[in-house]
Amino acid sequence: MPAYKRVLLKLSGEALMGDDAFGINRATIEGMVNDIAEIVKLGVQVAVVIGGGNIFRGVAGGAAGMDRATADYMGMLATMMNALALQDAMRHANIEGRVQSALRMDQVVEPYIRPRAIRQLEEGKVVIFAAGTGNPFFTTDTAAALRGAEIGAEIVLKATKVDGVYTADPKKDPSATRYTTITFDEAISRNLQVMDATAFALCRDQKLPIKVFSIVKPGALKRVVLGEDEGTLVHV
């Protein structure tokens, strides 16, 4: 029995790279889509916000010295490419995915319209939110917090390469331990970088919990949705 009815899944662009230097690793994206398919079959409504670091990192050298707003718009376009790749992989897995973009690109994707997004979720479609918030200076983490609040998600699932929030960097400190649960205020006071400050504040103010878990760990997403001990829960 799922612990949540509607979730917002935040995928980083870097997670799509797999072991590649940049770009989209087909096997990796197919694995993610299979994980998403499993929770859709449980009756969970799934919305996705995707980053663009895997593509933008490939051109980041050329962005040195670039105006921040211009670089951010390039990043938004990178998320659009990832969203289309994710939608295509879903089609092959017989899941209906719909991309809604915060930037208008009408020949390619639908614009973001909140009531339509909610209706599509209720119809069992996976809604993929592209182009972040549509504004520069805001991260895709902030977009995840914003869209999660807008669609009435019960939780933001932040998929990373680490299986939760630790007392210290587990790669540098072998004695670091994983938090099972932690409050927003504790995470702030201990300077734990769960999300960027804007996204974190938005989730805290809206009382929207965050679950940090590993997307590369087999079956982790399903265990999170079933309410099992997986990852770290950040709550009010």
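Just so you know, glycine gets a Cβ as well, placed from its N, Cα and C.
Copied from Swiss-Prot, the annotated features are:
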- LYS10, LEU11, SER12, GLY13, GLY53, ARG57, THR160, TYR166, ASP169: ATP binding site (BINDING)
- GLY52, ASP72, THR133, GLY134, ASN135, PRO136, PHE137, PHE138, THR139, THR140: UMP binding site (BINDING)
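In this entry, ATP is bound by LYS10, LEU11, SER12, GLY13, GLY53, ARG57, THR160, TYR166, ASP169, whose most widely separated C-alpha atoms sit 26 angstrom apart. Each of the binding-site residues THR133, ASN135, THR139 was ranked by the number of other C-beta atoms within 10 Å, and first place falls to THR133. Listed in sequence order, the residues GLY75, MET76, GLY132, THR142, ALA143 complete the 8 Å Cβ shell around the UMP site centroid, once GLY52, ASP72, THR133, GLY134, ASN135, PRO136, PHE137, PHE138, THR139, THR140 themselves are left out. Listed in sequence order, SER12, ALA15, VAL212, PHE213, SER214, ILE215 are the same-chain residues six or more apart from THR160 (ATP binding site) with CB atoms under 8 A from its CB. Farthest C-alpha pair in the UMP-binding residues GLY52, ASP72, THR133, GLY134, ASN135, PRO136, PHE137, PHE138, THR139, THR140: 14 Å apart.
Sparsest Cβ environment among the binding-site residues GLY52, GLY53 (other Cβ atoms counted within 10 Å): GLY53. Shown in sequence order, ALA176 are the residues of the chain, 6+ apart in sequence, with a C-beta less than 8 angstroms from the C-beta of ASP169 (ATP binding site).
Counting in whole angstrom, THR139 (UMP binding site) lies 12 from LYS10 (ATP binding site) by their C-alpha atoms. The binding-site residues considered are LYS10, SER12, PHE137; of these, PHE137 has the fewest other C-beta atoms within 10 angstroms of its C-beta. Under the DSSP three-state reduction, GLY53 (ATP binding site) is assigned to helix.
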